[in-house]
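Asks: One structure coming up, written as structure tokens, with questions to follow.
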Amino acid sequence: MTEKKVPPIVLAILDGWGLGQNYSGNAIAKAATPTMDQLQQDFPTTSLRASGIHVGLPENQVGNSEVGHTSIGGGRVIAQDLVKITKAIEDKSFYENSELHEICEQVGKTKSKIHLIGLCSDGGVHSHIDHMFGLLRFIKNHEIKNVDIHFITDGRDTHPQRALKFIKDTEVYLHNLGIGQISTISGRYYAMDRDCRWSRTEAFYKILTEPKLYTSSDPKQIIQKFYADDVSDEFIIPTRLRPGTIENNDGLVFFNFRPDRMRQILQAFQKRNFKGFHRKYIKQVHVCTFTQYDSTIHTPIAFPASNKINFLGEILAQNNMKQLRIAETEKYAHVTYFFNGGIEEPFMGEDRELIPSPQVATYDIAPEMSAQQVTQSAIRAAKKNVYSLIVINYANPDMVGHTGELTSTIQAIESVDKQLGILSEAIKQVEGSLIITADHGNAEVMIDMEGQICKSHTTNSVPFIIIDYQKKNTCNDNIVLKPHGSLADIAPTVLDLLQLPKPQEMTGNSLIQKSIFSNQNPVSLERS
């Protein structure tokens, strides 16, 4: 008996492709994008909000890849960790946190040190400096004065040279509390690598654990020296400011709430069989992380995740539909872990394909990244006619946009546009559907209002296009989209196309004005 062919739906997420004004700093507007231009003209198109309250973040907070993919996969607005932790500080429940209390108690018994490790900025994507200030107040309340701050500088989700402000703010806060000191400084390029570039993680680990010579105890002088050498915040070389390292019985609090860029440094401290690099292993440290960084490492978690059920991937699994996730290294966690609501293991019938990102120092050197390989993998999978949904991510607009190099980002956009043309034609041949969208903006704003280089995300909306080749070569007569929506509406739209009911946990709504799956009522689909 011949197996029934499945017409695939390909969900292509253009990471960092926002909708912005046409000006000299808009890499997308400046790029030649014949494919996107034609698709937007020929097929149903709308715009989606991808930042702030529309994705569970504070008002006017820029979107990001983690939140974006969680919102897309969840089909709902989820209060994000940034909001939850900030609210806990404001309502004082933060100061009753049992895991933070426990680590203070353990350190207090042995009169050891507490080390705070995290990204020190107000970018709000991976962390927030106000959360570190809350931790310092918590530690002060426990009468612990011996506190070392391992200050990770940003320059990616903030202005490239803004670390001095955050250092000054921190020093004022420490002075007013009468505790603590900034002991090391490192750019996030080293401290927060997520691409197994272990030499970067090693450089950060060593300044935390091995005595090093230091030239100045003033972090401001160190920063200014790097600026004079044209080194921005992101790339500040790991530097020790004072003697003293992480020792047995010390406490470590990692205060980034986003896990993906903290996993490698946590593994270096906590994995007994760690193989990333040769290290000085400290056996008896007390570790607490703000959120769960790695499900294979069992450390106390100050703010555990709430149960997230009936995400899109789970609904497909419940209906015995095969699905595939494809991304290059930089965005692999986003189309898997984050898209599934923080679940590491694949759902039944979920396959995954990891495409290696190019091994370059920064992606402006290779703006095409691995987009071609992502496309070819998606086409091979689509031709098999076994996957109901194929989710892919093109990392170029975001990762090259973060370098701040306008010309390279234009090349990145053009590379993705070319791949979309190839992909669209292939999906047409197999009579499938292609949905094109993005998780947040970035590449559309490369120069800010003051004429400075902008490497960070934006609050702009993102595109949404449905290209349906399942019934005929154009779907203009079949589908009419709502004039606007949010990322939470994508999963319900996919379910609509698959003629599956939307679970009650999904608060988003299909973007298709006239529902293909008519007369549906939301139902709760419980795990079997």
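Every residue gets a Cβ built from N, Cα and C, even glycine.
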Asks: ASP15, ASP122, ASP130, ASP496: which one does TrEMBL list with SER65, ASP439, HIS440 for the Mn(2+) 2 site?
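Replies: Given SER65, ASP439, HIS440 bind Mn(2+) 2 in TrEMBL, the matching entry from ASP15, ASP122, ASP130, ASP496 is ASP15.
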Asks: Given that TrEMBL annotates HIS126, ARG156, ASP157, ARG188, ARG194, ARG258, PRO259, ASP260, ARG261 as binding substrate, state which candidate in LYS5, LYS30, LYS331 belongs to that site as well.
Replies: LYS331
Asks: What is the number of other Cβ atoms found within 10 Å of the Cβ of SER65 (Mn(2+) 2 binding site)?
Replies: 27
Asks: What does DSSP assign ASP398 (Mn(2+) 1 binding site), in three states?
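Replies: Reduced to three states, the DSSP call for ASP398 (Mn(2+) 1 binding site) is helix.
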Asks: Where SER65 (Mn(2+) 2 binding site) and ASP398 (Mn(2+) 1 binding site) are concerned, what is their Cα separation in Å, rounded?
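Replies: Rounded to the nearest whole number, the Cα-Cα distance is 9 Å.
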Asks: Among the binding-site residues HIS402, HIS440, HIS457, whose Cβ has the fewest other Cβ atoms within 10 Å?
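Replies: Comparing Cβ neighbours within 10 Å for the binding-site residues HIS402, HIS440, HIS457, HIS402 has the fewest.
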Asks: Three states by DSSP: which one describes SER65 (Mn(2+) 2 binding site)?
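Replies: Once the DSSP labels are grouped into three classes, SER65 (Mn(2+) 2 binding site) ends up as helix.
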Asks: Note down the number of other Cβ atoms within 10 Å of the Cβ of ARG194 (substrate binding site), including every protein chain shown.
Replies: 17
Asks: Just going by other Cβ atoms within 10 Å, which of the binding-site residues ASP15, ASP157, ASP398, ASP439 has the emptiest spot?
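Replies: Each of the binding-site residues ASP15, ASP157, ASP398, ASP439 was scored by Cβ atoms within 10 Å; lowest is ASP157.
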